[in-house]
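Structure first, commentary second.
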Amino acid sequence: MELLKLNRSVQGPGPGSGSSLCRPGVSLLNSSSAGNLSCDPPRIRGTGTRELEMAIRITLYAVIFLMSVGGNVLIIVVLGLSRRLRTVTNAFLLSLAVSDLLLAVACMPFTLLPNLMGTFIFGTVICKAISYLMGVSVSVSTLNLVAIALERYSAICRPLQARVWQTRSHAARVILATWLLSGLLMVPYPVYTMVQPVGPRVLQCMHRWPSARVQQTWSVLLLLLLFFIPGVVIAVAYGLISRELYLGLHFDGENDSETQSRARNQGGLPGGAAPGPVHQNGGCRPVTSVAGEDSDGCCVQLPRSRLEMTTLTTPTPGPVPGPRPNQAKLLAKKRVVRMLLVIVLLFFLCWLPVYSVNTWRAFDGPGAQRALSGAPISFIHLLSYVSACVNPLVYCFMHRRFRQACLDTCARCCPRPPRARPQPLPDEDPPTPSIASLSRLSYTTISTLGPG
């Protein structure tokens, strides 16, 4: 098969193993940190098959590229302009959008064009830049997802400690640290990336590792640092968050039932107050709470003076109170956590095949090449780019405030012209004033004239 033939021609002499950046069959992170640019000579396959494959590939690349650029630019604009969305969590989502936009703009065109031209024409500088920027983008996205998970865990499960440091300035420092750490981690990519000839007038952007052992060590290191360890941290954090939210909703449900029963029988605390849990350092103990005082799923203890006033106050009969504001805030937090979980799952689903293929190729290159050449590796390649365009779709479908902010931003950028009031036709009678307008007119006339 042509992929295996080309892979053999790329290896070259010497102790180092070469990983091509110009091939759909080459690992994304071991090659360009993601980009294999197909440099197949047109004579390798039949003309009809190659043209059909290229048409499908161009269409998919174009759709993913437009969705990635348009969606992430929209996220950056909306989060930047909307004051209501300037929260700590959204600051990390903004950084995530920037990294996805970097992945789309800096890597996708330089992956597709060599596919069409059959050779890499952009030179060594662009070759090294593609490799480095894609690695940085993937690393930043992973670290941002870890930071979001830890921030949500602190806000929901450790609210008292989180209030000390959970600020936008602290989030900005964490985001800066993720970008710097990712930049340092991906330094080996530009060092071992180069453009080499693999045939007559055919160039490839590829990696030349010093030895096979170095390539294997690098693959395992990335698998641990950017996949397994972040995956475990995120899973544990969201597991604890889900447990805390479930306990908060469960306690609120019990308190609401007790409050309604007390209001029907002998009356109870006004405003839906009921014995509830207060979370301290992850634990819960029953105290009296007031609805809506805390938005992190943790009830706040009622001061003694208010308890005394509550005891002396006789409740007035009225309708059974509805859902408490505190429960509504817990439900809102649950929706946000659900959205973040979807983002994390989609990211790891898109990149799991890439990491698996990279590790497989590092330890068994010929076997991986035989099994994945052709359509499978092309699908894996495109799947990694899909991760850059799914987040805007998730926000639009699962984030009500983001949808409203998008509408507000569009209305601000494209204001509608004022509507002119329809004029009555010549043969139409003038509109008859309503009873309410007549009453206002009479009242205005009497008030203006004053007493007679």
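Please read every residue number as a count from 1 along the shown chain.
Every residue, even glycine, has its Cβ placed from backbone N, Cα and C.
Copied over from Swiss-Prot, here are the features:
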REGION    1-21  region 'Disordered'
CARBOHYD  ASN7  N-linked glycosylation site
CARBOHYD  ASN30  N-linked glycosylation site
CARBOHYD  ASN36  N-linked glycosylation site
TRANSMEM  58-79  transmembrane segment
TRANSMEM  88-109  transmembrane segment
TRANSMEM  132-150  transmembrane segment
TRANSMEM  171-189  transmembrane segment
TRANSMEM  220-242  transmembrane segment
REGION    257-286  region 'Disordered'
TRANSMEM  339-360  transmembrane segment
TRANSMEM  379-399  transmembrane segment
LIPID     CYS413  S-palmitoyl cysteine
REGION    421-452  region 'Disordered'
COMPBIAS  434-452  compositional bias 'Polar residues'
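Just so you know, the Cβ of the residue listed as 'S-palmitoyl cysteine' picks up 9 other Cβ atoms within 10 Å once every protein chain is counted. The transmembrane segment (88-109) makes contact with the transmembrane segment (379-399): 3 or more of their CB pairs lie within 8 A, with pairs spaced 6 or more apart in sequence. Counting residues 6+ beyond its ends, the transmembrane segment (379-399) has Cβ neighbours under 8 Å at 24, 28, 34, 36, 57, 60-61, 64-65, 67-68, 70-72, 74-75, 93, 96-97, 100-101, 103-104, 107-108, 111, 141, 335-336, 338-339, 342-343, 346-347, 350-351, 353-354, 357, 372, 406 in the same chain. Between the transmembrane segment (220-242) and the stretches 58-79, 171-189, 339-360, the greatest number of Cβ pairs separated by less than 8 Å involves 339-360. Sequence-remote contacts of a segment are chain residues at least 6 beyond its ends whose Cβ falls under 8 Å from one of its Cβ atoms, and for the transmembrane segment (339-360) they are 27-30, 34, 89, 96, 138, 141-142, 145, 148-149, 152, 219-220, 222-223, 226-227, 231, 234, 238, 367-368, 372, 377, 380, 383-384, 386-387, 390-391, 394-395, 398-399. DSSP gives the residue listed as 'S-palmitoyl cysteine' a helix state.
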